[in-house]
Each structure stands twice: as C-alpha cells, then as structure tokens.
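Undergrad: Got these off TrEMBL a minute ago, pasting:
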- 147-264: domain 'Calponin-homology (CH)' (DOMAIN)
- 292-395: domain 'Calponin-homology (CH)' (DOMAIN)
- 417-523: domain 'Calponin-homology (CH)' (DOMAIN)
- 538-646: domain 'Calponin-homology (CH)' (DOMAIN)
- 652-706: region 'Disordered' (REGION)
- 678-700: compositional bias 'Low complexity' (COMPBIAS)
- 718-743: region 'Disordered' (REGION)
- 718-731: compositional bias 'Low complexity' (COMPBIAS)
- 734-743: compositional bias 'Polar residues' (COMPBIAS)
C-alpha cells in the first residue's frame, strides 16, 4: 500500500538522487513526482504531466535535454509567448546558466520555468522593488558566499544553541570548515534555529533527532523547517527540501540569514516595544511608523539618537553611510556615555575608529559578530545585525512618554492580530514581488492585493489600469482598490456595499473579511484543480468537512466533526486522528495527551501544527486558533490536510490508470495553459478533451485512492451534494451577512 511504496523508494540507489530524481521516482512509483516538495507544490498534477510531456519531447538521441533546447519550447507556451520573444528567452537563460550547452533535468527545467515566469511578471510591471532584507528571495541562482557573514551566522548558532541537549555534541562549529552545511543536512539545526528566532513555532517533539536519520526522516525535518520558516516570515521561493538535504551552501546561508535577522529585528514594532513612539513627533505619525519595515524603523531609531548626539549627517543605509564609523561612534556615545572615549572620534583611520567602536559595544555587553574590516567595507547584513544587537541591549528610549499609552491603544486586539499575522504570512508565501510588513497599512494602495489576485487567479488583473507604488495621487489608490473589488466580485466573493475606498481608508474588519474569502477561494481552487476527475465541479466547505469525517471513520475511530465551529475540536484529538489516517506513521501517539485540561489541549495543539507542517501542509494558524476553535483557521487546516492527502492519491491512482506511466511523455497530457499549444501529437486538443472528460476508473486498492473516489462520488452525486451545499452555503451566507453588518 502507500507506506510500503514509501519504504521501497528508500532503496532507490543513491546515485539516482539529485537533479532529475523525479524522473526515476516517477517511473518507479507512477505519477509525476518531484523530489522537491516546494517545487511540487507550485504545480498541479495536470500541469506537471503537461510540462513533463513537453520537456521529454525535446530529448536528443542520447535521451538528454540541453539548456539551449529550451527557448523553442518556452515560446510555444502561451504564458511566455505574451511576455517574451525567443531571443529574449535565450538571453535570459544565458544569464542564469553559465553553459547553455549543459544538460538540464526535469526539476531544473521546472525551476527555470518559474524563474522565467517571475521575470515576465516583472517585465509586465507586476512587481515592486522592496528594500526589505526579507524580500531578498533565496534563489538557486545566487552562489556567492560571504565568509564574514558565514562567520557571523556560525557565531550566532554557537552562542544560542550551545546548550541544546541534542546539538551540543556537534557544537561549536568551526566557521573555516563546511561543518555548518554538513550539520544542516539533517534539518535538526534549522528547526532549532527557527525556535530560537520565534520560540514555540515548532513543537520539538515532532523533530526527528536520531543520530542517523533515514532519507524520509531527513526529508520530514526539512519539510517541517521550510513550512515553519514561512510561518515566521521567511521567503523561501526556489528552495526545497532536496537543496537542504544536499547542504547547498548559498541556499543554507540564505535561509539562516533570514531566520537570524527575524530574531534580531523581532522587537522593532509597537506591540513589542511601545517606547518606539518617541521616534515620532505626534500621534498622527504613529500609523506611518507602524507601516515601516523593521530595518527602516531601525534606521529611524538610529537617526533619532544621532540627531540628539549632534551628528550632522543622516544615515540612509546600513552600508556606505556607516563605513567611516562616525555614525557608530556618535550612537554609542549617546547610548552609553560611561564608556565614551574621545579617541574614537579623533581617530583618522576608519579601521582604527571601527575597532574602537567594537570595543565600546563590547563594554555594553553587545554580542560582537563583525570585525572592523566588515564595518569599513560596508557589509549591509552585518551592520544590520550589529545595530539590532545595540538596540536590543540598550535602545535609549523613554519609558514614561505620554504617547506610549496611546500606542498601546492603537495595537490590535488578540483576534485581529492573529488573523493579520495569518494573512500577512500567507501573502508573503505566495511569492509575489512585494513583501508585507504591516498588512493593514501595506494593502491600502491596492497594489499588493492586485499582486495576490494575479497569483490566485492568473491574468485576472489589468496591469495597464493599475498604478505602481509609490503613489502620490490618492485617486490612483482608489482606482487600484476599485479593480481589486471588481475582480473579487468576478470571483464570486461576497462584497455587498463594499467599495475600493473602504480599503484605502484601512477598514481592518473589511480587509480581513476580504482576505479570508480570497484565501478560502485559493484553497478551494487548489483542491478543485488537483485532478481533472472533479470535472469542474465546485468544492465547498461541506465537502471538506465530509471528507475529514469519512477519513477518520475509515480508520475505525469514532471521533467526528459536526462543523468547523465544533467546540470538541479544542482537544486536538480529531485532527491527530485525521493526520494519522492520511499518514499512519506521522503521529507518535505516546506524545498525545487526553486533551482534557487547558495544558493538555495546548500540548496537542502545538503538536498538531508541527506534525501537519512536517507532513507537507503550508499552514499559518497558531495553537490558540485550535484551542479557541477559530472557524476560519480550522477550515484552512482541514483543507491543507485534505490537499496533501488527495495529492498523494492522485499520484498513485495516475500510476495505476496509465499503462505507459513509466514511459516518459507517452501518455496524453492536458495543456498547462488551457489553450491549444501542442508540441507533439500526444498533447492535441482532441486528446486532451477526451482525457479530461472520460477519466479511467481507478484500479488502485490503496486506501487514499479509494477515499479520493469517495470524494469524487460525493461531488458528482447531485442530490447528496445539493443537500450538503445548501447547509454549508447557508452558514456562509449568514456569516457574510453578519460580517457586512459589522462593517
């Protein structure tokens, strides 16, 4: 069955792992499998089958595909024909591949496809440059490694994880060796580091911490790591589990960099540090402060103190403006005058002054991870880390400012704050060009919402009618937001009496209601598009509820979920049973409590979230959402588990349905672009229509495949479906009406 198949895959010879491993796995298990789970999640099975057929149609006599073969293939895909000509694609590939005559595997082709798609979006104006370090997307194309930054990250890890019960046997790490990358290969280090940056994000009981891990345990750790990294705000586009398993230095360092910076800048917001209101002159500037990225707040804080110290220049960046060390000297003198030395400012040599600055900081008990040379050379990342350390150690802000109480009033209540966090992280995980720091402020010009809409409903946005930030004219913001509302109505979102100006005005409840509907739409579309067998039938909340109950019942357990508001869900037992039903080995029942007391319920809730992420679910809820049975978050959790489970059954049932599954590119493939773009007879429109309209019945006896068939029957059975939908839609309509009344 499913588990035995997984055990068999473990015995694939190691020389088959690496780029193109999905080809071997596809022929071994059936279906189109990609070794990188993130990469797999970017495409539906229909898309993967289509792209696979097109890719292997380009093979030469030796069964190989070269980078130089790709332009003619790419230009025939409708998604690129509107963005580039063939020569532009050729130039683009020349920039990202050092040798266009080199061979490329299917996984490399998929990454190239996504990179070209991102370039095309940027070319069409569907992007926004961001100065935020968090938007410095980790990418397989950046191979430069800063030894100074590597030394900083190693020192940070050695400092914060030296007492960890499991990792202390491997620490301290020597920064002059590859020990960091070797240690990262098992995933334990990265998971632990995430918990240092955002305590409690990962339930460490879910981490596989054996001395020697098998490939699947290692993959589970990396899947848990990447999904948890997204849940704290990291951008992990173009990095997958296989990259981490291989310990690719530039990708490992890129991820570690983001995790550490999130930790260092965690207090740079009004919720954590309300004293930051001292940086603004009146209460009307507080909203502007809330909308700034953490590093911009750090710059604002630094300039605030430099002005008090009499420094005449304004620091606008963490690189060239700090090279001479003067800014640091003034900052430390005003923050810690007891350690002040005239020699620091009198020094003529920047390197000498930088050394005195570090001595001053050390007397303040700041952690010193950079050298005088790093300051003189203007290393931006190292300078950000250094200034953040100074802020954490001594921010020099008043605690009795009369505006602090006002600042505390402006922060959102717990429920709104949790939902803001969820939707912000969800948006940042989509891979759009912009990065959201403060949801309510950043969406008010409409641009980010248009980017999100274009991602969840491709080509729905008319970019010629959109205005890119910075936007000075208020009516342009309204135009952007009006288009957002117009597209929302086209997607059948409930937007009665809602106008674009409501978003411009920053109506928090409306923004949250809109984003929830958009997130829910995206979830349902993913489920609907997962396999053509659904034949275009809409999937509703009721289908998800029914699927979960049948899945648990199928294991012989008696737990049932009456609705997504069922208070019994707070114990966590139902979701642990559901997770165990879709993958029996993922839940360690020795760690599960009875869920009777609040403490027991919290333990179960934290374990559920980590186990789901370990399985491969990209979720952004918190334990409190399960404890309080937040209907929206409960639905998103259930839908994510359903998506993962059906994705597995699709791969297995496709294998049993396609006699030529192991024959690469031999089976009919539906078009990825939804148009009649064909590169081979196998992709002809007639064949595609026939394939989609008449799916072969599954011959697999796998439990997940049978269950997927049950879901299909439930959807096709009009009578049953109508009964279920009417109940669900009634609840949703009531909820929407209530929500609109609140607005």
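Note: Cβ is positioned from N, Cα and C throughout, glycine not excepted.
Note: TrEMBL annotation is automatic and uncurated.
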Undergrad: Cβ pairs under 8 Å only, please: of the recorded stretches 292-395, 417-523, 538-646, which one is richest in them relative to the domain 'Calponin-homology (CH)' (147-264)?
TA: 538-646
Undergrad: Could you tell me the mean pLDDT the prediction assigns to the domain 'Calponin-homology (CH)' (538-646)?
TA: 95
Undergrad: What does DSSP give as the helix, strand and coil breakdown of the domain 'Calponin-homology (CH)' (147-264)?
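TA: For that range the per-state counts are 75 helix, 0 strand, 43 coil.
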